[in-house]
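Per Swiss-Prot, these features apply:
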ACT_SITE  Ser105  active site, phosphoserine intermediate
BINDING   Gly31, Leu32, Ser33, Gly34, Ala35, Gly36, Lys37, Ser38  ATP binding site
Amino acid sequence: MTNIVWHQHPVDQAARAEQKGQNPVLLWFTGLSGAGKSTLAGALERALFEAGFHTYLLDGDNVRHGLCKDLGFTVEDRDENLRRVGEVAKLMVDAGLVVLSAFISPTREERDSIRARFPVSQFIEVHVSTPLSVCEQRDPKGLYVKARSGEISNFTGISSPYEAPLAAELTIDTSKGDLVTQVRALIDYLTAINVINADKAKALA
(Lines of atoms letter the chains of each structure in order from A and count residues from 1; the text may use other names and numbers.)
(Lines give C-alpha, C1' and ligand atoms only; values in the text may rest on other atoms or scores of the structure.)
Protein backbone atom coordinates (compact mmCIF):
# COMPACT_ATOMS: atom_id res chain seq x y z
CA MET A 1 0.00 0.00 0.00
CA THR A 2 2.98 2.36 0.41
CA ASN A 3 3.08 3.00 -3.36
CA ILE A 4 -0.61 3.87 -3.59
CA VAL A 5 -1.54 7.51 -3.14
CA TRP A 6 -4.92 9.24 -3.12
CA HIS A 7 -5.61 11.08 -6.37
CA GLN A 8 -7.22 14.47 -5.84
CA HIS A 9 -9.99 15.18 -8.33
CA PRO A 10 -10.25 18.65 -9.89
CA VAL A 11 -13.98 18.58 -9.08
CA ASP A 12 -14.72 18.05 -5.39
CA GLN A 13 -17.80 17.06 -3.41
CA ALA A 14 -18.77 20.65 -2.70
CA ALA A 15 -18.80 21.49 -6.41
CA ARG A 16 -20.86 18.41 -7.26
CA ALA A 17 -23.32 19.19 -4.47
CA GLU A 18 -23.65 22.80 -5.62
CA GLN A 19 -24.35 21.68 -9.19
CA LYS A 20 -27.13 19.41 -7.91
CA GLY A 21 -28.47 21.98 -5.47
CA GLN A 22 -28.46 19.60 -2.52
CA ASN A 23 -26.46 18.54 0.52
CA PRO A 24 -25.14 14.98 0.06
CA VAL A 25 -25.80 12.53 2.87
CA LEU A 26 -26.05 8.82 3.67
CA LEU A 27 -29.19 7.56 5.38
CA TRP A 28 -28.44 4.14 6.85
CA PHE A 29 -31.59 2.10 7.51
CA THR A 30 -30.95 -0.76 9.96
CA GLY A 31 -33.30 -3.30 11.47
CA LEU A 32 -34.47 -6.90 11.37
CA SER A 33 -35.46 -8.72 8.22
CA GLY A 34 -39.06 -7.76 7.48
CA ALA A 35 -38.87 -4.58 9.56
CA GLY A 36 -39.71 -2.42 6.54
CA LYS A 37 -36.29 -0.95 5.78
CA SER A 38 -36.44 -1.29 2.00
CA THR A 39 -40.08 -0.22 1.84
CA LEU A 40 -39.43 2.89 3.93
CA ALA A 41 -36.20 3.78 2.13
CA GLY A 42 -37.84 3.23 -1.25
CA ALA A 43 -40.80 5.44 -0.41
CA LEU A 44 -38.49 8.20 0.81
CA GLU A 45 -36.35 7.94 -2.30
CA ARG A 46 -39.42 8.21 -4.52
CA ALA A 47 -40.55 11.36 -2.68
CA LEU A 48 -37.10 12.94 -2.89
CA PHE A 49 -36.66 11.99 -6.55
CA GLU A 50 -40.00 13.49 -7.52
CA ALA A 51 -39.00 16.70 -5.74
CA GLY A 52 -35.87 16.96 -7.86
CA PHE A 53 -33.24 15.34 -5.66
CA HIS A 54 -30.43 13.19 -7.04
CA THR A 55 -30.65 9.94 -5.08
CA TYR A 56 -29.64 6.30 -5.04
CA LEU A 57 -30.93 3.38 -2.97
CA LEU A 58 -28.54 0.58 -1.99
CA ASP A 59 -30.47 -2.53 -0.99
CA GLY A 60 -29.15 -5.52 0.95
CA ASP A 61 -30.50 -8.10 -1.48
CA ASN A 62 -29.57 -6.26 -4.66
CA VAL A 63 -25.86 -5.83 -3.90
CA ARG A 64 -25.52 -9.59 -3.50
CA HIS A 65 -26.40 -10.04 -7.16
CA GLY A 66 -23.24 -8.25 -8.25
CA LEU A 67 -20.93 -6.32 -5.94
CA CYS A 68 -21.06 -8.96 -3.21
CA LYS A 69 -22.16 -12.07 -5.10
CA ASP A 70 -18.96 -13.86 -4.06
CA LEU A 71 -19.85 -13.56 -0.36
CA GLY A 72 -21.79 -15.93 1.86
CA PHE A 73 -23.35 -15.33 5.26
CA THR A 74 -20.55 -16.15 7.66
CA VAL A 75 -19.65 -13.44 10.16
CA GLU A 76 -16.58 -12.59 8.09
CA ASP A 77 -18.53 -12.40 4.84
CA ARG A 78 -21.24 -10.26 6.38
CA ASP A 79 -18.59 -7.86 7.66
CA GLU A 80 -17.00 -7.69 4.21
CA ASN A 81 -20.40 -7.18 2.60
CA LEU A 82 -21.02 -4.10 4.73
CA ARG A 83 -17.46 -2.83 4.33
CA ARG A 84 -17.91 -2.83 0.55
CA VAL A 85 -21.31 -1.17 0.79
CA GLY A 86 -19.88 1.50 3.07
CA GLU A 87 -17.12 2.26 0.57
CA VAL A 88 -19.58 2.45 -2.34
CA ALA A 89 -21.89 4.70 -0.31
CA LYS A 90 -18.97 7.00 0.48
CA LEU A 91 -18.15 7.33 -3.22
CA MET A 92 -21.78 8.11 -3.98
CA VAL A 93 -21.96 10.77 -1.28
CA ASP A 94 -18.73 12.22 -2.64
CA ALA A 95 -20.51 12.38 -6.01
CA GLY A 96 -23.05 14.69 -4.36
CA LEU A 97 -25.91 12.20 -4.02
CA VAL A 98 -28.44 11.58 -1.29
CA VAL A 99 -27.81 7.88 -0.64
CA LEU A 100 -30.20 5.53 1.13
CA SER A 101 -28.89 2.16 2.33
CA ALA A 102 -31.19 -0.58 3.63
CA PHE A 103 -29.26 -3.35 5.40
CA ILE A 104 -29.89 -5.44 8.51
CA SER A 105 -26.34 -4.52 9.64
CA PRO A 106 -26.83 -6.29 12.99
CA THR A 107 -23.85 -5.07 15.01
CA ARG A 108 -23.07 -1.63 16.37
CA GLU A 109 -19.42 -2.14 15.49
CA GLU A 110 -20.26 -2.57 11.79
CA ARG A 111 -22.49 0.48 11.71
CA ASP A 112 -20.09 2.63 13.72
CA SER A 113 -17.26 1.65 11.39
CA ILE A 114 -19.24 2.96 8.43
CA ARG A 115 -20.30 6.08 10.34
CA ALA A 116 -16.63 6.84 11.07
CA ARG A 117 -15.94 7.24 7.34
CA PHE A 118 -18.27 10.22 7.05
CA PRO A 119 -18.39 13.73 8.47
CA VAL A 120 -20.90 13.92 11.34
CA SER A 121 -23.45 15.78 9.21
CA GLN A 122 -23.35 13.22 6.38
CA PHE A 123 -24.34 10.00 8.18
CA ILE A 124 -27.88 9.51 9.46
CA GLU A 125 -28.71 6.24 11.18
CA VAL A 126 -32.37 5.27 10.90
CA HIS A 127 -33.32 2.44 13.23
CA VAL A 128 -36.35 0.65 11.82
CA SER A 129 -37.38 -0.76 15.19
CA THR A 130 -40.33 -2.94 14.18
CA PRO A 131 -40.59 -5.73 16.81
CA LEU A 132 -39.41 -9.25 16.01
CA SER A 133 -42.93 -10.62 16.47
CA VAL A 134 -44.24 -8.33 13.73
CA CYS A 135 -41.30 -9.04 11.41
CA GLU A 136 -41.80 -12.76 11.86
CA GLN A 137 -45.52 -12.45 11.19
CA ARG A 138 -44.84 -10.54 7.98
CA ASP A 139 -42.00 -12.85 6.85
CA PRO A 140 -42.22 -11.64 3.21
CA LYS A 141 -39.43 -13.93 2.03
CA GLY A 142 -40.25 -16.96 4.18
CA LEU A 143 -36.90 -16.64 5.92
CA TYR A 144 -38.16 -16.80 9.50
CA VAL A 145 -39.91 -20.11 8.80
CA LYS A 146 -36.65 -21.49 7.44
CA ALA A 147 -34.68 -20.09 10.37
CA ARG A 148 -37.07 -21.61 12.92
CA SER A 149 -36.82 -25.00 11.22
CA GLY A 150 -33.03 -24.85 11.21
CA GLU A 151 -32.79 -24.59 7.43
CA ILE A 152 -31.05 -21.23 7.79
CA SER A 153 -28.37 -20.81 10.45
CA ASN A 154 -27.07 -17.60 12.00
CA PHE A 155 -30.28 -15.76 11.15
CA THR A 156 -30.49 -12.34 12.76
CA GLY A 157 -33.14 -12.16 15.46
CA ILE A 158 -33.50 -15.94 15.74
CA SER A 159 -30.12 -17.65 15.97
CA SER A 160 -27.92 -14.58 15.74
CA PRO A 161 -28.26 -11.34 17.75
CA TYR A 162 -29.30 -7.91 16.56
CA GLU A 163 -27.75 -5.00 18.43
CA ALA A 164 -30.12 -2.06 18.33
CA PRO A 165 -28.53 1.38 17.92
CA LEU A 166 -27.91 3.27 21.14
CA ALA A 167 -28.25 6.72 19.62
CA ALA A 168 -29.78 6.56 16.15
CA GLU A 169 -30.69 9.90 14.63
CA LEU A 170 -34.18 8.55 13.93
CA THR A 171 -36.18 5.55 15.16
CA ILE A 172 -39.26 4.39 13.26
CA ASP A 173 -41.48 1.41 14.07
CA THR A 174 -43.29 0.58 10.84
CA SER A 175 -45.96 -1.37 12.72
CA LYS A 176 -47.22 1.95 14.07
CA GLY A 177 -48.82 4.50 11.78
CA ASP A 178 -48.79 4.48 8.00
CA LEU A 179 -46.04 4.77 5.40
CA VAL A 180 -46.97 8.33 4.43
CA THR A 181 -46.61 9.51 8.04
CA GLN A 182 -43.32 7.67 8.44
CA VAL A 183 -41.87 9.20 5.28
CA ARG A 184 -43.08 12.60 6.46
CA ALA A 185 -41.10 12.16 9.69
CA LEU A 186 -37.98 11.48 7.66
CA ILE A 187 -38.57 14.49 5.42
CA ASP A 188 -39.17 16.75 8.41
CA TYR A 189 -35.91 15.60 9.97
CA LEU A 190 -33.95 16.13 6.76
CA THR A 191 -35.46 19.60 6.46
CA ALA A 192 -34.56 20.44 10.06
CA ILE A 193 -30.88 19.58 9.48
CA ASN A 194 -30.85 21.39 6.11
CA VAL A 195 -30.34 18.36 3.89
CA ILE A 196 -33.56 19.54 2.30
CA ASN A 197 -33.51 23.30 1.72
CA ALA A 198 -36.53 25.56 1.99
CA ASP A 199 -37.20 25.69 -1.76
CA LYS A 200 -37.24 21.93 -2.23
CA ALA A 201 -39.15 21.45 1.01
CA LYS A 202 -42.10 23.15 -0.69
CA ALA A 203 -42.12 20.44 -3.37
CA LEU A 204 -42.34 17.83 -0.61
CA ALA A 205 -45.18 19.52 1.27
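From the backbone N, Cα and C atoms, a Cβ is placed for every residue, glycine too.
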Neighbour tally for Ser105 (active site, phosphoserine intermediate), based on other Cβ positions within 10 Å of its Cβ: 28
Neighbouring C-beta atoms (10 Å sphere around the C-beta of Gly31 (ATP binding site)): 30
Cα-to-Cα gap, Gly34 (ATP binding site) vs Ser105 (active site, phosphoserine intermediate), nearest whole Å: 13
Between Lys37 (ATP binding site) and Ser105 (active site, phosphoserine intermediate), the C-alpha gap once rounded to whole angstrom: 11
Listed binding-site residues (Leu32, Ala35), ranked by Cβ neighbours within 10 Å, top entry: Ala35
Residues that sit under 8 angstroms from Ser33 (ATP binding site) by C-beta distance, when 6+ apart in the chain: Ile104, Cys135, Lys141, Leu143, Tyr144, Phe155, Thr156, Gly157
Ser105 (active site, phosphoserine intermediate) versus Ala35 (ATP binding site) - Cα distance in angstrom: 13
